[in-house]
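Features of the protein shown, as given by Swiss-Prot:
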type	residues	note
DOMAIN	25-239	domain 'tr-type G'
REGION	34-41	region 'G1'
BINDING	34-41, 113-117, 168-171	GTP binding site
REGION	92-96	region 'G2'
REGION	113-116	region 'G3'
REGION	168-171	region 'G4'
Amino acid sequence: MNTALAQQIANEGGVEAWMIAQQHKSLLRFLTCGSVDDGKSTLIGRLLHDTRQIYEDQLSSLHNDSKRHGTQGEKLDLALLVDGLQAEREQGITIDVAYRYFSTEKRKFIIADTPGHEQYTRNMATGASTCELAILLIDARKGVLDQTRRHSFISTLLGIKHLVVAINKMDLVDYSEETFTRIREDYLTFAGLLPGNLDIRFVPLSALEGDNVASQSESMPWYSGPTLLEVLETVEIQRVVDAQPMRFPVQYVNRPNLDFRGYAGTLASGRVEVGQRVKVLPSGVESNVARIVTFDGDREEAFAGEAITLVLTDEIDISRGDLLLAADETLPAVQSASVDVVWMAEQPLSPGQSYDIKIAGKKTRARVDGIRYQVDINNLTQREVENLPLNGIGLVDLTFDEPLVLDRYQQNPVTGGLILIDRLSNVTVGAGMVHEPVSQATAAPSQFSVFELELNALVRRHFPHWGARDLLGDK
């Protein structure tokens with residue numbers, strides 16, 4: 001066992017007391033990003049090492065791996081703690097997103113180590129989608145690069161408001177204050193173009209030597225600010241979803257026997273309580289919450305982020321992909337929306353193409369009506385393009401095969417975030433953030449009888465593999 005962990009458990013009064021204390025610590029999800037070879041994996045390894053999160057057998061294995069695959073000469077290659085794929089170790093790079101957990105006396109952390117190569121931008125966007133803070137690594141010798149700008153923009157696009165700019169490898173520039181100041185000013189000039197009100201902090205450090213990571217550096221007396229770990233432990237994260245209206249996307253209809261019918265999912269935002277009047281969209285049918293069922297038993301109320309099963313007082317038609325919200329709230333379905341898209345496929349995104357999309361628990365199809373612009377990541381200007389290339393970021397107009405209930409992504413990432421899927425290969429080719437729902441869904445002229453419309457709805461619900469189109473959607 002990790003001796004530091006064993007000592008901590010003993011200080012807490014035993015395993016049970018230690019586990020209770022862990023449950024009450026706040027959790028921060030953050031990612032490391034930046035250009036290739038800026039030291040992201042090494043920084044995470046240093047954080048784990050200096051906070052004593054490495055077991056003795058892991059440390060012994062790390063010494064052996066450093067001799068075989070290490071890139072730091074005689075020194076311990078801490079990046080190998082995170083780079084687990086054989087291809088990563090052979091090339092000395094990060095390819096996949098690696099997740100690690102650690103905790104201190106003040107907070108719990110989940111880290112996403114994302115790749116720096118441009119061709120793996122899709123993996124970086126995946127890692128950023130669940131994070132609340134981003135550590136942007138900058139090599140002190142190279143300064144602000146294209147990938148630094150791209151990752152900064154993607155992070156803010158995905159709703160991350162806290163950016164920590166870690167200027168790494170200060171040991172290779174003789175811990176120069178002038179270098180730190182120059183890079184800081186360069187980044188602030190670029191950051192002025194980023195959308196939203198951002199909390200940006202700068203820390204000069206050396207992940208390899210441990211300077212300003214978990215302890216103050218004696219080599220940089222000119223820096224009097226907090227260490228990186230102190231920033232992570234003290235930053236205040238305000239979760240937007242807690243203050244937002246209730247959103248409960250239905251993931252699964254739970255009917256284990258004839259006496260129970262519940263609707264399972266994760267509460268995306270707001271809160272729900274027993275007795276509350278709720279509305280089901282898109283049908284608009286209302287009911288009351290009879291029970292809130294969890295793994296630990298029934299609850300009187302639940303909050304954003306909790307996995308629950310809702311039991312309603314009425315037997316009504318609810319399926320996967322439907323959305324429950326407060327009965328007094330109005331949220332119209334829309335047939336189209338403008339969406340910020342990060343494109344992840346070799347084949348460019350072009351107008352006229354159709355894709356499957358998934359948003360919350362809903363799966364349907366969408367057509368690309370047009371590309372308004374692509375963002376130039378160097379200066380964040382908008383330029384007209386005919387298609388969106390691999391790793392391109394732009395605003396795209398989508399029309400859906402059926403009316404959807406959406407939020408803007410900045411208001412609710414769950415009901416405003418979607419993925420685009422190639423219908424032939426079933427590969428995810430794009431990540432989308434709803435920028436603006438642009439038109440309210442309206443019924444087509446009454447060219448079909450009531451029976452035909454009801455039959456169409458029945459076939460689409462129970463026989464989706466037939467591929468029947470929505471008559472009301474005029475498709």
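Glycine is no exception: its Cβ is also placed from the backbone N, Cα and C atoms.
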- request: Let me know how many other Cβ atoms fall within 10 Å of the Cβ of ASP37 (GTP binding site).
  value: 17
Three-state secondary structure, GLY34 (GTP binding site) (per DSSP): strand
Query: Per DSSP, to which secondary structure element type does THR114 (GTP binding site) belong, with helix, strand and coil as the options?
result: coil
Task: Using all protein chains in view, find how many other C-beta atoms are within 10 Å of the C-beta of LYS40 (GTP binding site).
output: 30
